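Trainee: My questions all concern the structure below.
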Amino acid sequence: MQVAADTGYGIWALQGIGLALGIYRSGRGESLVPLLIGLVLVSAGLVVASLRRAGPPDWYGWRPGRNARPTREALTALATYLPMLAVAGLTRGDNDFWATRLAGALLMMACLGHLLYSTHRLPGRVPGPAPVAALPVGRVMAALFGGGLWLWLCVAADSNVPVGPALPEHQSWLLVLMIMALLLGLIEGMRWHTLRPGGADDARAPARLPKGRFIAAVLSHALPCVALLLADRWQASGLLAAIAAVSNLVGRGWEQWLYRRECARSAEPCPG
């Protein structure tokens with residue numbers, strides 16, 4: 001749920017940046033569809049946490065409907081809905097209205113602010129100064145990468161886009177996404193490196209990857225990059241974009257689960 005929510009915030013943040021700069025695609029539907037996708041991804045965790053059961057996890061430390069006040073992290077998450085609704089209500093055909101651009105800027109700031117502020121709410125801490133600095137950056141970059149893939153799906157699935165390789169105005173966007181995937185791989189490598197045994201007592205323990213880690217990396221980074229390359233050189237189809245977006249979401253979720261499991265085994269205070 002955390003990975004899905006971060007992806008939803010990434011969609012909203014990128015859409016807000018585009019609206020604020022006046023470079024987002026024209027059309028009311030082109031704005032409402034990404035907002036709806038982000039709403040589903042962001043609200044999934046809130047809906048699960050609202051179920052009156054003992055099992056469902058909390059939502060940023062808050063269990064709705066249990067007579068508890070929302071935590072500060074939950075309030076920042078709820079605050080992102082306000083500019084999102086403003087953008088949905090103000091968006092027009094050309095999306096060039098000053099109030100729409102202002103709402104887009106507020107949406108971008110609210111989403112990025114929440115991603116940065118709520119990072120310390122994730123379970124545990126990261127040992128070492130370098131991974132501590134990389135954690136907020138990696139989380140924001142992962143959210144923007146996942147959100148960018150879903151926005152690319154919205155563009156590629158548009159029936160008005162001609163069949164064939166990506167248009168010149170879209171090629172720079174694909175290149176940015178591939179660069180982000182490379183940087184994310186480096187940051188994830190730093191995070192997994194913190195779990196390697198470093199003490200004298202663990203000198204005999206080999207540095208190995210947990211089962212499924214390679215497949216998770218392929219799903220979250222390699223397969224989306226291959227799909228982006230094919231879209232750039234062969235055909236920018238909605239099918240390729242859908243494979244990239246869904247593969248990244250599944251791969252990141254799986255990798256997060258593997259990382260938490262390894263943290264529990266090593267008894268190290270690690271991030272979620």
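Note that the numbers count up from 1, one per residue, in the order the chain is shown.
Keep in mind that glycine also has a Cβ here, set from the backbone N, Cα and C atoms.
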Trainee: Write down the single range among 7-26, 67-86, 207-226 that appears in TrEMBL as transmembrane segment.
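Mentor: Residues 7-26 are the ones TrEMBL records as transmembrane segment.
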Trainee: Could you check whether the transmembrane segment (7-26) and the transmembrane segment (97-117) come into contact, where contact means at least 3 Cβ pairs under 8 Å with the two residues of each pair 6 or more apart in sequence?
Mentor: yes
Trainee: Can you tell me which parts of the same chain pack against the transmembrane segment (97-117), counting only residues 6+ beyond its ends and a CB-CB cutoff under 8 A?
Mentor: 6, 9-10, 12-20, 22, 24, 72-73, 76-77, 79-80, 82-84, 86-87, 90-91, 136, 139-140, 143
